[in-house]
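**Student:** TrEMBL lists these features:
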ACT_SITE  ARG23  active site
ACT_SITE  ASN41  active site
DOMAIN    8-98  domain 'Acylphosphatase-like'
Amino acid sequence: MTTEENISVDYEIFGRVQGVFFRKYTQAEGKKLGLVGWVQNTDAGTVQGQLQGPKHKVRQMQDWLKSTGSPKSQIIRAEFKNEKKVDSLDHSTFKIVRP
């Protein structure tokens, strides 16, 4: 039996994603999928963060970030970068980071 590799990826979501509970829904979805990481608002009006966990679960979360989000959000685009394999997870939970 082989265990699936863990990956880490940074993301930034553009559109109407602040003031619509996007961070709360992102945290809930990440936890539901068993991922760890963080999410925060930016001064530019976007939401950014990091995802870590099994590759297929990270892919599911990326799809969710691209197309679903919170009920009142309007996602224009999602950017993912710095994807890499990780031997251990840098986070213990999925948290909302506030400035």
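Residue numbers in this text run from 1 along the chain shown.
Cβ coordinates come from backbone N, Cα and C, glycine included.
Since the structure is predicted, the reported quantities are computational estimates derived from the model, not experimental observations.
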**Student:** Could you give me the DSSP helix, strand and coil counts for the domain 'Acylphosphatase-like' (8-98)?
**Tutor:** 24 helix, 39 strand, 28 coil
**Student:** Cα-Cα separation of ASN41 (active site) and ARG23 (active site), in Å?
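**Tutor:** Cα-Cα distance, ASN41 (active site) to ARG23 (active site): 8 Å.
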**Student:** Whose Cβ, among the active-site residues ARG23, ASN41, has more other Cβ atoms within 10 Å than any of the rest?
**Tutor:** ARG23
